[in-house]
């Protein structure tokens with residue numbers, strides 16, 4: 001009996017060893033990467049191939065995603081509230097002088113984007129933003145367009161999604177100007193157009209998106225004004241100084257192009273305002289004009305920073321994100337020398353500046369005593385902190401493009417934005433960059449985020465970016481002209497794919513649009529957390545009081561919600577990260593309608609999860625604990641003025657390896673169970689025989 005028990009123990013150990021090796025093999029599968037991935041026959045857009053000099057990542061071109069759309073990309077959003085990100089595009093017809101808006105939704109059953117609806121607009125669209133304009137939970141469209149004149153006169157038009165899922169034009173400032181119809185409650189404040197791309201944000205705390213814009217003024221060169229959302233798909237204009245929520249009225253002219261943003265700079269989980277401006281003292285450089293969202297004497301105000309921050313020379317479109325994963329919003333600024341001979345495209349000295357935000361970090365351990373305010377406790381993660389952007393930028397802060405003759409794409413007509421995303425979920429945000437060389441060859445590269453070694457300067461984690469993965473086109477005549485590229489989670493699995501948007505000339509020399517998707521075909525061992533905040537619309541109880549229950553609630557596309565999380569790494573060190581949902585709107589930044597945090601290799605929960613809404617309320621944020629990684633969290637901030645009643649919905653998205661591990665575990669456990677059952681039966685039979693033999697030695701009289 002004892003001998004048989006030893007056999008069982010030995011078999012269990014052998015099977016457990018086998019189980020461990022199988023799981024390890026499954027976990028390590030998919031790490032072999034081919035030297036290149038061919039992408040032939042990009043329809044008319046010809047041949048592309050993806051070259052990767054590093055391990056871990058593998059992208060494969062996919063022609064079955066329905067991306068061969070003859071229209072220019074405008075924005076991303078969930079049009080039909082199915083938790084899938086859709087495409088909203090537009091195209092201008094020069095002959096008819098009419099633009100068409102197209103909506104392509106992602107179909108889970110077909111695994112591709114399919115045509116859904118379209119709408120017409122008289123005029124040339126220059127920017128398209130999708131957001132819930134009338135607070136009904138459905139995704140609407142806000143259009144920036146111009147007439148036939150060559151001047152920078154940008155009008156706005158709104159398209160509301162009706163009950164038939166179609167876009168219906170509701171408001172048009174060009175038509176209002178033609179009809180001489182007032183759009184302001186104040187005399188002489190009817191602003192029908194702007195000379196810049198406006199910033200989209202909720203400025204007056206009613207939960208509705210407004211627009212901060214600028215109007216040319218003969219007496220003082222410009223007037224900053226706001227288009228206030230009236231809640232019915234329309235807007236009313238008012239001068240900046242008449243809104244009485246800005247403590248300081250001395251302002252500078254917003255640059256054109258601009259990369260203004262609504263981001264949390266001082267770490268209080270409440271979004272602030274940032275404008276790129278032309279400073280009167282130095283008109284050759286671009287500055288940051290910063291307005292901090294504060295409560296002053298019980299009243300919410302935007303308080304201007306003491307001085308504007310001077311950006312590096314020849315700066316382009318700025319990116320705001322937590323690039324060094326320390327819980328504060330940093331900047332990445334691409335720069336180059338431009339030439340008027342090519343419509344102010346980049347011709348030399350292309351660089352990427354990393355500018356960290358220096359502020360108090362989170363305490364690394366929960367038992368740390370914060371007596372000298374040297375660190376921030378996790379419970380105070382949404383409290384205000386002093387901040388400062390680094391000013392003395394040594395060569396350590398600068399990344400080069402690695403190749404001579406390689407430049408950022410884009411020009412004055414289409415300023416180049418870099419796309420931001422964590423490609424391998426290691427916790428550090430990487431860049432997707434559209435490039436061109438002097439021969440006309442087009443490149444799209446992923447520049448990986450890495451730490452500068454042996455850096456002790458200001459105790460700041462300085463990052464640099466290096467060429468990590470490259471998508472390259474052929475040198476044939478029909479090579480597409482790439483105008484944008486973006487990270488995109490096509491299958492909503494927490495893995496960032498890449499979509500490249502371009503134009504080409506058809507056989508009849510007609511300019512056409514198309515795009516191609518590169519799907520990441522392997523996984524890393526790192527985890528992620530995806531978070532989305534709605535705009536404050538009621539999702540559950542309040543619809544009981546209405547005659548018709550709304551089935552669309554996820555089309556908010558809110559701009560400015562702030563997310564903060566804390567995680568503990570394998571060494572037991574606690575760190576925080578911050579992310580802003582839809583922080584920019586000018587010049588088609590192509591930001592996703594959610595924040596995707598890379599968590600790295602951790603076996604722990606997300607310790608704390610904070611969300612703050614861009615309101616002027618005293619109660620503007622809430623916190624939840626112990627969030628499961630590889631999850632998608634949808635925050636329902638209803639009501640906006642009482643954060644204690646906010647709710648979250650969580651859906652877990654396990655990786656593909658999870659199912660393989662489960663299957664192997666079940667098989668091995670079944671085998672172990674069968675062996676134990678067989679050996680147990682054998683042992684009982686032997687025991688029964690021994691018992692019968694023992695009884696036969698006794699004679700019953």
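Glycine is no exception: its Cβ is also placed from the backbone N, Cα and C atoms.
Owing to the predicted nature of the structure, the values given are computational and were not obtained by experimental measurement.
Taken from Swiss-Prot as is:
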- 1-29: signal peptide (SIGNAL)
- 30-657: topological domain 'Extracellular' (TOPO_DOM)
- 148: N-linked glycosylation site (CARBOHYD)
- 180: N-linked glycosylation site (CARBOHYD)
- 217: N-linked glycosylation site (CARBOHYD)
- 258: N-linked glycosylation site (CARBOHYD)
- 458: N-linked glycosylation site (CARBOHYD)
- 522: N-linked glycosylation site (CARBOHYD)
- 571: N-linked glycosylation site (CARBOHYD)
- 658-678: transmembrane segment (TRANSMEM)
- 679-701: topological domain 'Cytoplasmic' (TOPO_DOM)
| remark: The mean pLDDT across the topological domain 'Cytoplasmic' (679-701) is 72
| query | Near residue 148 (N-linked glycosylation site), which glycosylation sites out of 217, 258, 522 have their CA within 10 Å? | reply | none
| Cα-to-Cα gap, residue 217 (N-linked glycosylation site) vs residue 180 (N-linked glycosylation site), nearest whole Å | 19
| Out of 180, 522, 571, which of these glycosylation sites is nearest residue 258 (N-linked glycosylation site) by C-alpha distance? | 180
| query | Which of 148, 217, 258, 522, 571 (the glycosylation sites) has the most other Cβ atoms within 10 Å? | reply | 258
| request: Kindly assign residue 180 (N-linked glycosylation site) to one of the three DSSP-derived states: helix, strand or coil. | output: coil
| remark: Reading the DSSP string in three states, the entry for residue 217 (N-linked glycosylation site) is strand
| task | Count the Cβ atoms, other than its own, that fall within 10 Å of the Cβ of residue 180 (N-linked glycosylation site), considering every protein chain shown. | result | 8
